[in-house]
Amino acid sequence: MSAFFRFLGLAIIAACALFAAMRAVGNDYVFYAGYTVLEYVVLACAWNILGGYVGYVNFGVAAFLALGAYTGVALGRIAPVPLPVMMLAGGVVAGLVGLGTGYLTLRLRGIFFAIATLALAVVLQTLITNWDFVGGSAGVYAIRPKHVPIFGSYIQYMVFLMLTLAVVVVAVSRAIETSGLGLGFVAIRDDEVAAEATGVPTLRLKLIATALSGAFMGMAGAPLPYYLTFLEPSSAFNLTYAVNSIAMPLIGGTTMWFGPVLGALLLGTAQQVITVTISSEVNLLIVGLLLIGFVVLAPQGLIGLLGLTGKRRSA
Amino acid sequence: MSELPLFHAQGLTKRFGGFVALDSVDFEVGAGERVGLIGPNGSGKSTLVGCASGSLRNDGGAVWFKDRRIDRLLPHQRVRAGLVRSFQLPRPFRGLTVAENLRVPLVFAGRQGRAQDAIDDALEFVGLAARREAMPQDLTQVDLRKLDLARATVAKPQLLFVDEAMAGLSHSEVDEIIALMMRMNERGVAIVMIEHIMRAVTAFSQRLVVLVAGRKIADGDPEQVLANVEVQRAYLGE
Ligand SMILES: Nc1ncnc2c1ncn2[C@@H]1O[C@H](COP(=O)(O)OP(=O)(O)O)[C@@H](O)[C@H]1O
Ligand SMILES: [Mg+2]
């Protein structure tokens, strides 16, 4: 326990240092770019809870992100709700959908589960596109509050919230790794039938993973309308979210929290630079090539190359 | 036996599509008993283990364990009740060290405290103490078998199904595994040994059950069962 709080303390200090450094630059662009990178830190870690630890590949990242975003939009249409509350609500909705999806699909293994999550994204996108209350296919404007106390600008406030969420996700990931829960996850990933035969309640553990993973993605999605200021289904359900959220852990390494964090920081930052210097179209190409390279040449990712995987190695 | 048996399957039936893999089989095991289960390849031995342990769902019949009907329980619930199996092919958790492999039942089978001692004891017991930090990929075939048995031991079973743990082992390695299973039995674990190596079966079994094409054709004293004409025909005809 004390090791956990020491870790949490370090993570908070690192987050504060990062925020201070971004403020020191004194340019809002840094915050716009930083927000996206941090969003990917959260998405990559969240994906990794199910995909990396338990070994179930979720292609429907955008669906959970969009659930969070549209939960926020729907709430905002009913009452002026503060953003942190929207994030919590988005987390609850996406977590519940994760739980339901898990319950319906987790008897499917391997590729069939992955296809089912892709189907979930398609179904949800169709539903949202036809739901006029949240803008439907025409999209919806999200008006940022003019006045933001303490932070001064709304983008800084959003970065602060995303940074907080990133710290929470990383801390939860690490807590999983060091707990019996994480051991059970690894057992399922390595051999689900043997795990059952060793006493692991596989269905319950997989549901915990889908719910947690979905909830964090939903929380990350809630500020999206305010970040984009205009949200439409095609941007909320953009396949890029899934591609990046899968590529970042795989490139960074899936066996511990540091893998997705490293993957998201490096790849996310590189993408921001490339978008400015070359073009955003090149990004997916680069991600694709890196992904192939790592899967073939370094299946343990960067943390494997750095020798950081610890005792629990991937299968 | 006057009391209820520890384990009791009645009319156990399992179909794969139209194929009947187990055809109304009755099978029981007493507390602390050593039973040999033999039969030609494809006769349904592993299917029986699957139905008993919950990795397969029986289509007919019923399974009782310690006075409790268990054939709708999930596999991990049966493990917690004290019914454990090993697999025909070794199935270690390949991403975990030998010691970590044993931590899985320690944490999840929930049959004893989380004491590190249980892992050390089990490793000592099967003779893998020196390999505790090794990865499964670096173990020999016989050590993988011992790891499977150690993992089962940590779950503190009252009944253990061991599905062909000796296939591919040398003469002396077979002796080692037999001795190990005898010692597990001495600790009070009832064991069902499924095996093709007759030397092992006869050395181990107090009772012998023979399956042929999904049906039980003999059940009783090993010598008498092996002298049985039908049993001989089943084996010679293979
Ligand atoms: N999952 C399965 N699907 C279809 N057929 C199966 C399955 N498992 C076993 N069988 C068939 O059931 C029969 C019994 O198999 P098994 O119990 O593995 O035999 P044994 O262990 O005695 O060699 C075999 O004919 C096998 O092909
Ligand atoms: Mg078999």
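For all residues, glycine too, the Cβ spot is worked out from N, Cα and C.
Same-chain neighbours of the transmembrane segment (A:33-50): 22, 56, 58, 61, 64-65, 155, 158-159, 162-163, 165-166, 169-170, 172-173, 176, 209-210, 212-217, 219-220, 224, 227, 241, 244-246, 248-249, 252, 254, 257, 259-261, 263-265, 267-269, 271-272, counting only residues six or more beyond its ends whose CB sits under 8 Å from a CB of the stretch. Annotated transmembrane segment per TrEMBL: A:33-50 (among others), in sequence order.
Among the features that TrEMBL reports, transmembrane segment is placed at A:57-79 (among others). Residues of the same chain lying 6 or more positions beyond the ends of the transmembrane segment (A:57-79) and with a Cβ under 8 Å from any Cβ of it are 43, 46-47, 50-51, 85-87, 89-91, 93-94, 97-98, 101, 113-115, 117-121, 124-125, 128, 133-135, 140, 142, 210, 213-214, 217-225, 231, 233, 236-239, 241-242, 245-246.
The transmembrane segment annotation in TrEMBL covers A:85-104 (among others). Long-range contacts of the transmembrane segment (A:85-104) within its own chain (CB-CB distance under 8 A, at least 6 residues past either end) are made by residues 60, 63-65, 67-69, 71-72, 75-76, 116-117, 120, 161, 165, 206-207, 209-219, 221-223.
Listed by sequence, the residues of this chain that lie at least six past the ends of the transmembrane segment (A:111-134) yet keep a Cβ under 8 A from its Cβ atoms are 56-60, 62-63, 66-67, 70, 73-74, 77, 97, 101, 104-105, 140, 233, 236-237, 242. Feature annotation from TrEMBL assigns transmembrane segment to A:111-134 (among others).
Summarising the annotation, TrEMBL assigns transmembrane segment to A:154-172 (among others).
The feature transmembrane segment is assigned by TrEMBL to A:207-226 (among others).
TrEMBL lists A:246-270 (among others) with the feature transmembrane segment.
Under the heading transmembrane segment, TrEMBL lists A:282-308 (among others).
Stretch with the most C-beta contacts under 8 angstroms to the transmembrane segment (A:282-308), considering only A:154-172, A:207-226, A:246-270: A:246-270.
If one looks beyond the transmembrane segment (A:207-226) by at least 6 residues along the same chain, the residues whose Cβ comes under 8 Å of a Cβ in the stretch are 39, 42-43, 45-47, 49-51, 53-54, 56, 58, 61, 64-69, 71-73, 76, 83, 86-99, 101-103, 106, 140, 142, 144, 154, 158, 161-162, 165, 169, 172, 181, 185, 236, 245. Note on the transmembrane segment (A:154-172): residues 4, 7-8, 11-12, 15, 18-19, 22-23, 28, 31-32, 34-35, 38-39, 41-42, 45-46, 49, 83-84, 87, 144-145, 148, 212, 216, 219-220, 223, 226-227, 257, 261 of its chain, located 6 or more positions outside it, place their CB under 8 angstroms from a CB of the stretch.
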